[in-house]
Each structure stands twice: as C-alpha cells, then as structure tokens.
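S.K.: My structure is below; once you've seen it, I'll send some questions.
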Amino acid sequence: MTLLGTALRPAATRVMLLGSGELGKEVAIECQRLGVEVIAVDRYADAPAMHVAHRSHVINMLDGDALRRVVELEKPHYIVPEIEAIATDMLIQLEEEGLNVVPCARATKLTMNREGIRRLAAEELQLPTSTYRFADSENLFREAVAAIGYPCIVKPVMSSSGKGQTFIRSAEQLAHAWEYAQQGGRAGAGRVIVEGVVKFDFEITLLTVSAVDGVHFCAPVGHRQEDGDYRESWQPQQMSPLALERAQEIARKVVLALGGYGLFGVELFVCGDEVIFSEVSPRPHDTGMVTLISQDLSEFALHVRAFLGLPVGGIRQYGPAASAVILPQLTSQNVTFDNVQNAVGADLQIRLFGKPEIDGSRRLGVALATAESVVDAIERAKHAAGQVKVQG
C-alpha cells in the first residue's frame, strides 16, 4: 500500500529534486498534482523547477558535504536526480543510510559517466554497441583513434547535451578534439571515450518505465540532433516489428540491471531490423518532452508514478505528435517572448521554461503539436517554435 501525505503538513511526502531545469520542472508539477511536497535544488537561483517547488536551495551538487547538509535539513523521502553532475558517492552513502534515491544510487553512479554504462551494457549484459576505447591522456587518445579508425567520435566520459564531442574524420582534428573534450567534461578535464561510427537508419529514445507492476514501454521516440543536442522529436517512430521487439528487449535488460523504480530514457540506433545500444539516462529524457502532448501520461507523470510505488497499468499514445525546441541566441537577464499568439492553437501548445537568463544559445522552450502524420506534426511544431520571438 502506498501512503501519500499532504504537502506542508507534518505527514507530508517530500521529494527533493537534484537539478531543477525544464525536466525537473515537469516532475515537480506532477508531484504537486499528488499533493507531494517538492524541494528543488540546483547550482543557480531561480531555476525552472524552483518556480513550482515549495522550497529551493542553491548548492554545488558535486560537493558531497553540501549535498548531505541540504538532505539532512529537508529530510526528503525521495531524492530525484535530474542531471548527471552530482556527487554520486554521497548518494550511495545516503541510500545505505536508508534514503530512497530514484531510481537507485547505483543507476545514478553508473550512468553519470559513459564508461560505467558502456561496460555494463557491452561487457556484462553482452548487448550490441559501437566499438569503443577509453583514454585518459592525449597519447592514449591517439592510440584509441588509431585502433578504432576513421571516422570516429570522441566524447568526455562525463558530459551532457553534446558538450565536448567531436566527429573525427582525419588526424588533423586530433589535437583540437582532445582539447575540446577536456573543456567539455562536466567534472573537469579527464577521461574520454572514442567510439566507432555506427551505420544506422535512425536513432530512437525508448522511454522505459520500471514500476511495481512490471516494465512498460512508451511508443518509440524519433529525434533529430544538431551540435549534440536535440532539435525535434516525434512519436511514434516507425520501425519494423522485429526491430521494436529487439529494442524493447535491450531496454528491459538495461533497466532491470540498473535497478529501482522510475522512467529511463534508453537511446538506441536502428538499422533495418538490427538495434544497437547507445546510452541510457535513469530519468526523463529531453526528447521525451513530446509526451507532454502525445500520451495520456507524460514521461514525467510516469516517472513520478513509478518512483512513488504506484502501478502504471498502461500507457495510451494518442497518435502522431512532435516537439520542436525554442533555441534563441542572445545575452539577457530579462528575457521576453513575443508573437506567442501565433505559436498556439488547436492541437498546438508551447512550454516556456522560465530560465532566468541566457548568454549565447540556450533552450528556453518547446513547441508541441499533433497532426494526421508525424511529418505534419514535425512541421507544425517547427513552425510554432519559429513564431516565438525571443527578446532581451
């Protein structure tokens, strides 16, 4: 039996978000729908989820002592990481002391860096992956590239949103690629992964829920990447029944091996009927924002339902849908959005994240659309996103 308290009362059920961006904001809203008390934590003030939380704290989440202090102050029943850059060793300690880390501290630690999850997938679970090597010096990096061959991709083992990644076609790029990877790592300079390039027809995110009533799958989400970050996503991505079966089997093995209850974003390459594992996030995925309009339960609602120990039952997908990001480039601490009236309509919505500032290129919102076909849904979402005029 799941018992939920009432927020701001002595018996409240308390959820602490570690990372309070746009994904955390939607998780906070879903917690609020169930009367759960929300504490939002991030490294900067006025982060999106802080706008809809009961309380908030600004700390360096890579500082284990600072993390422990805020946990001891707030005494959450659930700790919900939204990002990779967290003191995961402290999360493991806190879990050993009885705290509930979502989905579990081991999953958070393994997926914090690409080495942990790649070794789990390829070496322990024997799943198909790209060829790969790890390196922690420029000389070893060059040896890894020579072994993998051209073209290849180098990524910091700890980074997100494409930071520090380079597609390498020739030896002339190696010095710059190494330096860029060192700058792009989330926790500072260090180790990289060199991956062989996989030939694929398309990439998908298979949003997979591990819950008290078993493992559930959303319809596959297709997406387009640019500069290492997603620009549009859509659902459902068409694929053969055999490829879908293989994708679900890979995702099932990965989430069960990681453990715990919650939603996982499993990234896969698909080539015909073949499926290759890429990465996994033990939390809602940015490409999954399309589920805000495409499903009866969004990825955020599913995550909350799962980690609270509630059954999922089933997931209803409404039909062709898409998301397109609102990604302006400017510098401002007083952002405004004009022409919004032309970005909404029947089966057409937007989400503006409420980020407090922008310095360069930053994702500030997303347009959501449904249509008779995926192609039309993508075009509707892209057009709507383009209608929003960001000023500052």
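A Cβ is built for glycine as well, from the same backbone N, Cα and C atoms used for every other residue.
Residues or ranges marked as N(1)-(5-phospho-beta-D-ribosyl)glycinamide binding site in Swiss-Prot (evidence: sequence analysis): E22, L23, E82, D286, K355, R362, R363. The annotation ATP binding site is assigned in Swiss-Prot to R114, K155, S160, S161, G162, K163, G164, Q165, E195, G196, V197, V198, E203. The annotation Mg(2+) binding site is assigned in Swiss-Prot to E267, E279 on the grounds of sequence analysis. Swiss-Prot lists 119-308 with the feature domain 'ATP-grasp'.
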S.K.: Around E279 (Mg(2+) binding site), how many other C-beta atoms are within 10 angstroms of its C-beta?
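M.R.: So the Cβ neighbour count for E279 (Mg(2+) binding site) comes to 18.
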S.K.: If we check Cα distances from E267 (Mg(2+) binding site), which of the binding-site residues E82, G164, E195, E203, R362 wins as closest?
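M.R.: In terms of Cα distance, E267 (Mg(2+) binding site) lies closest to E203.
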S.K.: Counting distance between Cα atoms, which of the binding-site residues L23, E82, K355, R362 is nearest G164 (ATP binding site)?
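M.R.: Checking each of L23, E82, K355, R362 against G164 (ATP binding site), the shortest Cα distance is to R362.
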S.K.: What kind of secondary structure is E203 (ATP binding site) part of, going by DSSP in three states?
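M.R.: For E203 (ATP binding site) - judged by DSSP and reduced to three states - the answer is strand.
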S.K.: To what whole number does the mean pLDDT across the domain 'ATP-grasp' (119-308) round?
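M.R.: PLDDT averaged over the stretch: 95.
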S.K.: Work through the binding-site residues one by one (L23, V197) and point out the residue whose CB has the fewest other CB atoms within 10 angstroms.
M.R.: V197
S.K.: Which state, by DSSP, holds R362 (N(1)-(5-phospho-beta-D-ribosyl)glycinamide binding site): helix, strand or coil?
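M.R.: Where R362 (N(1)-(5-phospho-beta-D-ribosyl)glycinamide binding site) sits, the three-state DSSP reduction gives coil.
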S.K.: Measuring Cα to Cα, tell me the gap between V197 (ATP binding site) and D286 (N(1)-(5-phospho-beta-D-ribosyl)glycinamide binding site) in whole angstrom.
M.R.: 23
S.K.: Tell me the Cα distance separating R114 (ATP binding site) from E82 (N(1)-(5-phospho-beta-D-ribosyl)glycinamide binding site), rounded to the nearest angstrom.
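M.R.: For E82 (N(1)-(5-phospho-beta-D-ribosyl)glycinamide binding site) versus R114 (ATP binding site), the Cα atoms are 17 Å apart.
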S.K.: Among the binding-site residues listed here (R114, E195, E203, E279), which has the Cα closest to the Cα of E22 (N(1)-(5-phospho-beta-D-ribosyl)glycinamide binding site)?
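M.R.: Nearest listed residue in space: E279.
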S.K.: List only the single closest residue to E195 (ATP binding site), chosen from the binding-site residues L23, E279, D286, R362 by CA-CA distance.
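M.R.: Closest by Cα: E279.
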S.K.: Based on Cβ atoms within 10 Å, give me the single least packed residue among the binding-site residues E22, E195, E203, E267, D286.
M.R.: E267
S.K.: Please report the number of other Cβ atoms within 10 Å of the Cβ of R363 (N(1)-(5-phospho-beta-D-ribosyl)glycinamide binding site).
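M.R.: Taking all protein chains shown, R363 (N(1)-(5-phospho-beta-D-ribosyl)glycinamide binding site) has 20 Cβ neighbours within 10 Å.
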S.K.: What's the CA-CA gap between R362 (N(1)-(5-phospho-beta-D-ribosyl)glycinamide binding site) and E203 (ATP binding site) in angstrom, rounded?
M.R.: 23
S.K.: Within 10 Å of the Cβ of R114 (ATP binding site), how many other Cβ atoms can be counted across all chains shown?
M.R.: 21
